[in-house]
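Asks: The structure's right below; bear with me while I get my questions together.
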Ligand SMILES: [Zn+2]
């Protein structure tokens, strides 16, 4: 299986938004039909919503508790550590289906009836396929999380004032990648028996983003139906799950439950 190579993406020198934080480099456009004239995919059945798949997880851990800022840990450190981890996990999850995410199979970065466009550092719209878009995302995020000025690791270095907005941007782009995996590659994820991993990652990511208000509800609306099922906390869900012992009950009582 071909693995997605981050190094390759970085070497290709894709544009990034790292040095142009104020530029609006990604936006959402609604399209009524796919470019190839097919019916909008939204009318097709969403396999990932089938209960037999949505209940699949790799752990019963109570994510609502897990995402809460621990006492004595600096908020920015917590955001940095988790964001970096989510980046690696989303990258890994995408790598499992990347051989199917080709320029032919995924001509645009589409999720439901929404199409994402990348904007280069001059703000110019870049026409790209889904794998190219994912490359843009991964290389940009990689550049950011390894930039000592943005994600400082050395003692005494401080986070920039733009840190939170950069974390929000990273989360938005990681969300796009996750949504694309569900929308266009769920069948393959299922064949690889990795849907439990995907669901678990999605729940953890969404609950973390909710806890710190990192995602705009307008941006996540395309996946509201899935989020509702996976993160509502009912049954085997994000609130700790029915099978969670100890942590589950605590998570249900957590004040920030939404
Ligand atoms: Zn794809």
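Including glycine, each Cβ sits where the backbone N, Cα and C put it.
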Asks: Looking at 215-236, 237-258, which one is region 'Disordered' according to TrEMBL?
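Replies: That would be 237-258, per the region 'Disordered' entry in TrEMBL.
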Asks: So which of the binding-site residues is most packed in, judged by how many other Cβ atoms lie within 10 Å of its Cβ, out of 101, 106?
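Replies: Checking each of 101, 106, the winner is 101.
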